[in-house]
Amino acid sequence: MKLDFFKYQGTGNDFVLVDNRHEIFPKNDTKLIAKICDRRFGVGADGLILLENDRMTDFKMVYYNSDGGESTMCGNGGRCLVAFAKYLGIIDTEATFVAIDGIHTAQIRGDIVKLKMQDVEEIKVKPQYSFLDTGSPHHVQLVDALDDMDVPSEGAKLRYGLYGKPGSNINFVSQSGADSFNVRTYERGVENETLSCGTGVTAVALAMHRAGKTVSNQVQVNTPGGELEISFDVANSGYTEIYLKGPATQVFKGTLEW
Ligand SMILES: N[C@@H](CCC[C@H](N)C(=O)O)C(=O)O
């Protein structure tokens with residue numbers, strides 16, 4: 001079988017995108033998806049995303065981690081899919097789409113995509129870390145020497161040790177200014193450090209605000225793959241009007257064959 005694919009990256013979080021509006025992609029073939037995402041035996045990506053038809057919105061997002069399993073929301077992937085929808089002529093500058101966590105809206109200007117995330121109702125604050133769900137589960141922990149950390153190994157310890165089989169994504173953070181933070185993320189389903197994680201930096205911005213580390217409702221987060229901006233409103237016990245903004249670009253296209 002042959003199928004066109006497109007490779008996108010959003011601050012270094014990279015994805016194979018497939019236009020599946022004709023429903024030809026074998027969605028339950030976990031091994032095939034893992035092979036496509038394999039960086040030596042396949043195209044190589046942190047995840048694979050299908051763009052499908054939806055009756056109520058512009059399109060539907062179906063997200064798979066690089067291990068081939070369908071997973072929860074991917075913020076950078078959502079931003080890349082909006083850029084892909086524009087490339088396909090499905091949208092112009094505004095988009096509404098449905099993902100596993102509900103409906104999202106987005107705006108695209110040039111290669112900058114601003115994506116509205118779901119409201120966050122609860123942040124669990126522990127002495128050493130916070131835990132919250134921004135569409136995907138995230139552990140947020142301030143550390144002293146972020147650059148020197150072995151994120152794959154420290155992340156795996158927490159991902160399996162603290163969160164068991166379902167797991168969590170693990171974000172290690174250091175503050176770089178009054179409203180800016182540096183972040184490195186271990187992603188479950190990739191089971192490694194990625195260069196950036198959209199739901200992760202969103203979680204970091206909210207957790208740092210809740211912890212009183214910043215009073216701003218517009219936070220810059222620097223990842224190894226680039227900079228993202230998160231803005232939000234403070235609600236009673238949670239956060240609303242949460243936006244994740246940053247670049248999303250097509251890097252190449254090709255044909256999958258299997
Ligand atoms: N890279 C993503 C997060 C993808 C989902 C995550 N690996 C999980 O399974 O929870 C992002 O940009 O949000």
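Backbone N, Cα and C define each Cβ position, glycine as well.
Record features, source TrEMBL:
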type	residues	note
ACT_SITE	Cys74	active site
ACT_SITE	Cys74	active site, proton donor
ACT_SITE	Cys197	active site, proton acceptor
BINDING	Asn13, Asn65, Gly75, Asn76, Asn169, Glu187, Arg188, Gly198, Thr199	substrate binding site
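This view paints the features noted in TrEMBL onto the structure.
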residue: Asn13; record: substrate binding site; Cβ within 10 Å: 31
residue: Cys74; record: active site; Cβ within 10 Å: 29
residue: Gly75; record: substrate binding site; Cβ within 10 Å: 29
residue: Asn169; record: substrate binding site; Cβ within 10 Å: 27
residue: Arg188; record: substrate binding site; Cβ within 10 Å: 23
residue: Cys197; record: active site, proton acceptor; Cβ within 10 Å: 35
residue: Thr199; record: substrate binding site; Cβ within 10 Å: 29
Between Asn169 (substrate binding site) and the residue listed as 'active site', how far is it from one CA atom to the other, in Å?
11
I'd like to know which of the recorded positions Arg188, Cys197, Thr199 sit within 10 A of Cys74 (active site) at the Cα level.
Cys197, Thr199
Distance from Asn13 (substrate binding site) back to Cys197 (active site, proton acceptor), taken between C-alpha atoms, in Å:
7
Env. residues of substrate site, Cβ within 8 Å of mean position of Asn13, Asn65, Gly75, Asn76, Asn169, Glu187, Arg188, Gly198, Thr199 Cβ:
Asp46, Gly47, Cys74, Gly77, Ser136, Thr185, Val190, Thr194, Cys197, Gly200
